[in-house]
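Chemist: Mind having a look at this structure? Questions to follow.
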Amino acid sequence: MKVPIILVNFKVYETSYGRRGLEMAKIVEKVALETSTEIIIAVPATMITRVAESVTIPVYAQHVDGVPEGAHTGAVTPELIKDAGAKGSLLNHSERRVRMDEMDDALKRMKKLGLESVICVDRYELVAPMALLKPTAVLVEPPELIGTGVSVSKARPEVITSAVDEIRKVQGVYLIAGAGITSGEDVYVAMKLGSDGVGAASAIMKAKEPQKVLLDFVNGAIRALEER
């Protein structure tokens, strides 16, 4: 994982799977290569292998279960996503919560497998406790802003600044800001406030011109880095 971090969560929009999902992955890859920026995509579990075999950018799962291998019908384990070609996974997204004991077990196994991990939290007070588990990054997202088009950068900047204070208590863990990120200006502000990057979904997955939106994101991130 490299700063600036831009993580695109495909979720399960119409543009996230099948031919359209693959096209979206290639659009993201094109922007990443043209701007020399590492952009991570979190794709549906059924798309991991197909996408990972088609692009050179990091492909993540959107969720993993902390259950052991064995009789767990429908579970998505760290071993399964590794075998499918994923480089890492989101954990504990507000739309896919996991129990603390399962998350801890999943993290330990992901580390053994060499997989990156992004723990999602809904408030800054949880940033330091989750960072102590030593994931690759912690993503803070106020759930009330997710998918609204109202960015955390503008509506709740104190969430980012407080999260920055919390992440500094633990060395070696990145901080990602998310929820309502829709423009390069949102990305710029989030990073100027101290985050290492942003997470986004609907702003790109539902965009008429996703390449244009993503380029705007990257330009905002680069501008913030240049001014640090």
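Including glycine, each Cβ sits where the backbone N, Cα and C put it.
As the structure is a computational prediction, the values presented were derived from the model and not from experiment.
For reference, Swiss-Prot lists these features for the protein:
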type	residues	note
BINDING	Asn9, Phe10, Lys11, Ile146, Gly180, Ala201, Ser202	substrate binding site
ACT_SITE	His93	active site, electrophile
ACT_SITE	Glu141	active site, proton acceptor
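Locate each feature and note its surroundings.
Modeler: Around the Cβ of Ser202 (substrate binding site), a 10 Å sphere holds 17 further Cβ atoms from the protein chains shown.
Around the Cβ of His93 (active site, electrophile), the number of neighbouring Cβ atoms within 10 Å comes to 25. In three-state terms derived from DSSP, His93 (active site, electrophile) belongs to an extended strand segment.
If you draw a 10 Å sphere around the CB of Glu141 (active site, proton acceptor), it holds 22 other CB atoms from the protein chains shown. DSSP assigns Glu141 (active site, proton acceptor) to coil in the three-state reduction, outside any helix or strand.
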Chemist: When a 10 Å sphere is centred on the Cβ of Phe10 (substrate binding site), how many other Cβ atoms does it contain?
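Modeler: The answer is 24.
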Chemist: Reported as an integer number of Å, what is the Cα distance between Asn9 (substrate binding site) and Glu141 (active site, proton acceptor)?
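Modeler: Distance between the two Cα atoms comes out at 13 Å.
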Chemist: Give the three-state DSSP assignment (helix, strand or coil) for Ser202 (substrate binding site).
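Modeler: SS state of Ser202 (substrate binding site) = helix.
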Chemist: Pop the Cα-Cα gap between Ser202 (substrate binding site) and Glu141 (active site, proton acceptor) into the table, whole Å please.
Modeler: 14
